[in-house]
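Asks: Next up is a structure, given as structure tokens.
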């Protein structure tokens, strides 16, 4: 175009937005000229402010550059207040679009504009607009803005710019993926470093080590650190410069250094205090105190601390100020200084603790101490004022020590010079008077200090207030005061002249710079400030490391590490590893190896074999002494990256585990976190979490920062990879197991889906016990002992305004207040302190708020407060709960649910008794809805308590309320009240209930009939007693669809047609058999847990049962089969059918498993036997389904399973039967005939693997079903069982009435079936049946009579030939039993006897055994061993017959005897007694030589009966066990431990019962003790009992002997004596090594319990002390046998030493001595007992004892080793002295060494004849110095010597002379005088002729020895006249502890 249009005539505003860029450029040029020429007052500056944003963002570069020039001109000339209006819109555009422009001039102008915006006001608003661009997605924009930040700081400095926000973005920009961004980050940090110096180090900790290293290298190049000045001035500074030209700009810029304290993040140093600090700091060794104070000083290095409770720490440090060691004083002062600087104003609460001791310590003259104290006081003054310290200063100015006075005044001067506070009139007076007095002091230093103090004080407060005091100063001294006045410089002067603006330039200095150390060049990574070991320990450069390695390992080896061929590198690193292992650990520097391998071959090594060797080296160096945390800090991040590498993940994990063992788990995790935050590889993250989870289980959670770990886990929670989320959930589930449910509060911010997954995992692990750490982690001084679940104090937020808002008239305000409080609690993770102020009172008014929604929110807030505060909230709850309860009557469901939740939440902190007592008055509210909800809650609560086996509350508190509810008009209220009344009727007495009825008019007519219907001891039910509620719920009926086919039972159990194709299709891809394990221990564990809430019960939710069973099958079934078994897909029925087909094939086809997986048929059977319970449980779930095909397949499988169990001789346990039988029996009434028939056949099969009597009971329970068909079939089956097994299959007096009651049923089929069953019973016993059903209605009796009339006579059903055969067999068995009983009974010592049944009562006893003992019948019918010759099967028959094995004679020694006592009774009960296992091909259980499985079953059955809760059943089982122990003890050998456990368990139940003297329990006790004596009279049986069984037996027997209830009756006293005999048998015949171990463990536990009972009653403490003493008595008796055991080499000395060492570890010797000094019960008797044992060992073994410390880790440092060493040395010294004292051969022959064996033989002879009673005084006569009774001793010596003790031959006389000489020489040395006198007395009593010899030696002794010996002999002679107890009882003696063990303690050769 030639003719261009002229746009210059257009207004500038239109041209600025014109579409042509040239027009816009011309407009910008014109506007620039205007801005340069118009004055500041011109309105032109305001006209164009709205255009600048669009101008600078112009898409045309020339137009944009022109616009930038215009904006620059505008900012240079426009008024500041107008220019600032454009800042908010323009700066973001400049930052985003201009700074990253491709045109250099655009970037420069943009930067200049930003600087101008900073210049016209302050830089901070501009910085705030720039910082958001750091998150921009374009790296170019990010880099440009970082450069702008750097330029801004360079121009205006850190004084004008708040750099705190800039410092916080450092980790982000250094972690950016763009290289250009990171380069700009380096420049920015370097610029900041030049301004603030080392203070930036704290903010560099999150960076990578290599980045920190590069930064330090750049820092070293900086030349002007701390001396930088501003390049540009702000407009405000320019104005000042124009007004005062004498102000130096640089000086002004350096006015004050930047205070980094305000921008630092506070650190919780309390959690990092060393665990043992408070104990070690009190140590008597100054080196230990110094070490722990140094450790604390390192911990206190952070510049800013979190607020917390520092009272204990500060108080401890204040006490250390007076430490006698000056190094400790200096360290304590330094720590106080750091705390004061770290807390600043918060330290004011502790200032009074430290000021006085710090000033007092100024008496120390060493300058380094004075400097430390002065620095500490200066730091303390930062948090206080002059009035706060005046009193302490004035007091110390009166001190006598001149140094204290002088330094105190100097501190006052420093305080005044800070100008922080000005003294007031009172302080001026006190300080001036003190300074005037000091001005006249005799010490010149004090006088000078006082003069300076007065001058400084006058400078601070002015001359006028000080005039009155200055006038009192002498003229000669006044000049000096004036001189100091003129020199003093105060920052804030009152009454003086304002100082000049010109200030002295001082270097930049940070408050925290003293605590931050500069890192050296060789630093490879940043270390946190809170880490005790700093990176300064890394002193070796890479070059030095390589050079040193070459000198050690050879230059060629090091060079080969960097070779190109990987095999060369591999060989080199192998050589390196070999040489490292061969050299001494002290020669190898771990830092050298680390840095060497980091370079050669380096972290980027690609060959996995070389990598594996390299990590092996890294693992090995962790064991070197030079390995420390900084080295690990280099290695851990790199190793963590390799956790996800499949080839080297194993060695990488092992390497990290070795670091845990060296430096601690938390330290390793801390450096792992860096990698986990930065990497994005999901494999590495997932595997790292898996590694963490595994090691949590191994090492425990001790010392781990839980909050920090969970923050890292959130990386996995939010990750897109499922593996990351799954493994993160696994880790937090493990933490839940360790830390408890509180840990959930840390993850509540996760999404609901993930949170539900976590909750499910939490539920699984909630019942698990945290495993004990199997590995020990290394020492870490920063270890946190408990999870950091911190309680937050929200009291400061609960101010008056918020409380008033809670009561505001506007409902919105009230709602906001409640929401605010909820937010405060939730932000505190629902853990707050109980400082709630007026909140509880204010919240009570909101419960009755007119706005119902607010009332609900208030109740929810109450529940939240209960959860967050916990038990401390209980007092508030008592006040608030009564205001909440009435809202149960509200019409809104939401309100009632909130109240219910509040009640249940309150129960978590308040005992149920207290809660009911609190709300008992409110519960009488008569509002219908209230009563309905309250009665339901009360009933549900009692049901829950009962089902969980928890104690019920005091029901007297709810009795009145419950009666009112029973009389209520509402049916629901009455129903719930009836359920609650069941508990009341069973707990309270009838009189109490009747009295309560009298207080409620008309209640007796309702309550008393209901009470009559509930019998005492009846089962507590949840429903009204008048209603019949079945115990087993009815299972929904099957589908009415036709059966797909009739799979009839095949006799050969072959798989159905077409099954092979199906199973091949299902398992085509399966590589594992369906069942993976064959270990029965897992089944036993499941059986133990099958109780309470976890018991398998189909009344529970099917979903819960399925989840529980799926979890139990987790490790036992293959993943494929488990997935199909528990399929929940749309085709789940097909999956279920396929899985059942597979399991069926495994059992039906014997070749299937071997062909498919190579598993033999025997192994396959064992696998199925190990999971029988799981299979049966699964079938119960499938029985609930409606699919007929699946149900028939279940029956097929069950049929095959029963056949396999039968073939393998397997019997179902009670646990398995209880899980399965109720469900099977419930299906017997199925509508389909084929299913009913199949189930009947299964029940017949069941009797082959489960007792018919137990099956009978379960079928009887089926009669409670509401389904009439079920009842009919159950009755038919009961009749069949009676027909096949006889009436002995049941308890007739219990079962027949139940069956007869069914005759009244409304259904005719049920009535007929009941009549048929009664007829079957009649066929067995005839007319005797009416004894059992005599209470039935007359009509039922008539029906029975009519039915029986049609039957043949009863004699037709009798089997006489069989009866005759049985009678002959019974005669033989009876004779054998009587003969055996006659042989054994007369020889038994019977401390107690039980009369057997008289002949008149034999018939009655037999009938009782037949009818009342439900379970004993099965045992009675097991063909007991009298059928064979008992002598042939005896394990040790001679010994059994010769030993007195039974402490009591039992009635009815054998049930077989009872069954044979009256032949007529047998004839009247249908001949032979059937055992309930009605198949002929079974071998007898008592055919001992044939089937071990049957014998095992018999013993299991007997053991189960012993542990039953019914005493009669237990007694019957013990009777069955008695003949087996006497005649066939070899049967018991495999089951001896479980038998002992069962008897111990039953003893515990008996001894803990309320009425132990009840006849039934006494009888049971007698039988229990009798069986135990039989067991422990058999040495073979006793020796194989293990420690786990012996330990609880010891405990229960000893507790029984101390039971006061037993001694209240004659029978109880007999039991105590029998227990005494039993204990002696146990100690004599059991494995003594195991007995020692068990008794030592019991001593440890009982002593610990005794210590924990400090707050218990004296009676309980005395009882526990008696128990501990009995344990020691047992050990004393065992100690006597040590010498003999060593001779026979049966004592395991190393195990005994280990047990003693474990006891010392649990309770060190110093603790025992402390208890003795504090007169604690039993004192140090346990310690002296142990020393006696050690003395016996050392006296026999000598130096050989040191060969037996192999089981103790580091034995030289153990307590046992020190005791033994001392004893051995003492023994050697005694032997040396004795050898020196022998000067001739004759004396040598009389030495104690030669005499000792013979005398020991004599001692053993006397001791072996001592009384066997543990509790008798004679048993431990040598243990008690006060009890010198030797009557029995003399008698026993007489007996043992056959009456010839009075005639001493020549040899004995010579030996006696030598022994007496030795004993008197021993007393002359002062060695063991008391025991020696006892021995002399024993010799005197044994050899009366020796009295003259003894008198002669007494007269020849010193006067002291004469006095001691004569007095001792007289005392022992007098005490011997006391008659000991004729009955050996385990009684408690009141002897003092010291006397009781005096002999024992002196046997050890000296104090240790």
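Backbone N, Cα and C define each Cβ position, glycine as well.
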Asks: Give the range, chosen from 1042-1071, 1072-1101, 1102-1131, that TrEMBL lists as region 'Disordered'.
Replies: 1042-1071
Asks: Out of 1879-1915, 1916-1952, let me know the one TrEMBL marks region 'Disordered'.
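Replies: Checked against TrEMBL: region 'Disordered' maps to 1916-1952.
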Asks: Give the residue counts of the repeat 'HEAT' (1295-1331) per reduced DSSP state, in the order helix, strand, coil.
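Replies: Helix, strand and coil residues of the repeat 'HEAT' (1295-1331) number 34 helix, 0 strand, 3 coil.
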Asks: Between 1-231, 262-494, 539-771, 1107-1361, who has the most Cβ pairs under 8 Å to the domain 'TOG' (782-1006)?
Replies: 539-771
Asks: Give residue numbers and ranges for long-range contacts of the repeat 'HEAT' (431-469): same chain, 6 or more residues beyond its ends, CB-CB under 8 A.
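Replies: Distal contacts: 390, 393-394, 397-398, 402, 405-406, 409-410, 412-413, 416-417, 419, 422-423, 425, 477, 480-488, 490, 493-496.
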Asks: Counting only CB pairs under 8 A, let me know which of 1-231, 262-494, 1107-1361 has the most with the domain 'TOG' (539-771).
Replies: 1-231
Asks: What residues elsewhere in the chain lie close to the repeat 'HEAT' (1295-1331), defined as a C-beta under 8 angstroms and at least 6 residues from its ends?
Replies: 1256, 1260, 1263, 1268-1269, 1271-1273, 1275-1276, 1278-1280, 1282-1283, 1286-1287, 1337, 1339-1340, 1343-1344, 1347-1348, 1351, 1354, 1357, 1468-1470
Asks: How does the repeat 'HEAT' (431-469) divide up by DSSP, counting helix, then strand, then coil residues?
Replies: 34 helix, 0 strand, 5 coil
